[in-house]
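Since the structure comes first, as structure tokens, the remarks are kept for the end.
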Amino acid sequence: MALRTLATRKTLGAFSTFPQQLRGLQTFTLPDLAYDYGALEPAISGDIMQLHHQKHHQTYITNYNKALEQLDDAIAKGDASTAVKLQSAIKFNGGGHVNHSIFWKNLAPTKEGGGEPPHGSLGWAIDQSYGSVEKLIAKMNAEGAAVQGSGWVWLAVDKELKRLVVETTANQDPLVTKGPSLVPLIGIDVWEHAYYLQYKNVRPDYLKNIWKVINWKYASEIYEKECP
Amino acid sequence: MVMASVTTIASHLTSTFLYAPEFCRLSQSLHTSQRPCTRKSVSGTISANIDLKPPPYALDALEPHMSKETLEYHWGKHHRGYVNNLNKQIEGTELDKMSLESIILASHNKGDILPAFNNAAQVWNHEFFWESMKPGGGGKPSGELLELINRDFGSFEALIQEFKLAATTQFGSGWAWLVYDLEDKKLVVLKSSNAINPLVLGSYPLLTLDVWEHAYYLDFKNLRPDYISTFLDKLVSWDAVSSRLEAAKVSIEGK
């Protein structure tokens, strides 16, 4: 799957009026999807995919870049208060970029393997830990439905304990905020923007249907890397 | 002028004022409607008494600024869901037959939140939200409300800017509020996350705007700032805010 994340190296001089020495600041651009917006229908509508990618994810990236530039500036000036004040904007927007970049890889059209259950070592580990893929899905759907407000539900592997974990995070907190050794395998966005135009208030229907386009191949690759 | 997030006023949670009888009397004055003692479902199984109160206008009355479709889902599904789930939760417990405000305070439990809080607070928040809007809303406040706004924010325009900022920067789901701070005796703009409301933050709510995505997504998609502007320009009921301010002052002086 050719998914490219483009990062550009810009010098601070291009954005700042301060005559400082040139610093390299890596900022971010919107990664492409490996499929068309409409390719996940009927599980997720093309309208949602387009808005979600081009508006929501792009806004996180734009605001993350802005916050990073402000942070870079504050650090250069030794302005500790500003540096600390920027942390919530970094977490919201940087987290939003991190999470959505994973999410696009977690999805695939059915004709490209979306929805096909995991084989190999991940499938085996799921059976060991949860009894079956169906039981894991039921657990993730229950936890995803129970997230108050906005957030994510995750299947993760603890890379230290070599164990599968189901976890939820609030808002755009990345999974690592729940445990530094947690590596995301599958993340499902349960912010209302992820499903509202199609499923309205019925988040459980969205959760039931998204599994038809979940990219278990990608999840298996990550798992096999952490648990060879 | 003060804009505070829920985290910076978390210290209010330890205030004993919140749980004093004076505050409960105060919070009860916020709702002018009668609440019947019991509500029986058709099947007769749930008799917990929290009502789904309709907005004080027809579901299409806020068009074109807030669509009928939005009201049908927001009131008819989301608000109704909170009511039904709350009644199921409190049935047969000590929370059953308590007033909504009392359920909120009890389940907030000084920050150690109990399961009924989310539903109870969201029922209250949505009732308060419908009553914060009216057909042909917008415009400017007048009288004592405007005087206090000028005193505490400098100008009406400054209040609008601060309210817009709070509503725009409430990350994730939540609410923006104009409140009367009972300790400092001044108007303050607050934002809160998820279901948190001023009843548990030690201040007297005067106005709210729902910034959960379900409140605006059908009409505005991702464009929350446009929704906020439309609310302030076309929907906000400054009359309701003035009445609530009156009630706040009466409650405080009557202590």
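The backbone N, Cα and C atoms fix where each Cβ goes, and this holds for glycine too.
Curation plays no part in TrEMBL annotations; they are all automatic predictions.
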* Given TrEMBL lists A:His52, A:Asp189, A:His193 for Mn(2+), the same-site residue among A:His97, A:His100 -> A:His100
* In three-state terms from DSSP, label A:His193 (Mn(2+) binding site) for me. => helix
* **Secondary structure composition of the domain 'Manganese/iron superoxide dismutase C-terminal' (A:119-221) [DSSP: H/G/I, E/B, coil]** => 53 helix, 25 strand, 25 coil
* Structure fact -> CB contacts under 8 angstroms to A:His193 (Mn(2+) binding site), restricted to the same chain and 6+ apart in sequence, sorted by sequence, are A:Leu51, A:His52, A:His56
* Listed binding-site residues (A:His52, A:His100, A:Asp189, A:His193) that sit near chain B [CB under 8 A] -> A:His193
* Structure fact -> Per DSSP, the domain 'Manganese/iron superoxide dismutase N-terminal' (A:27-108) contains 61 helix, 3 strand, 18 coil
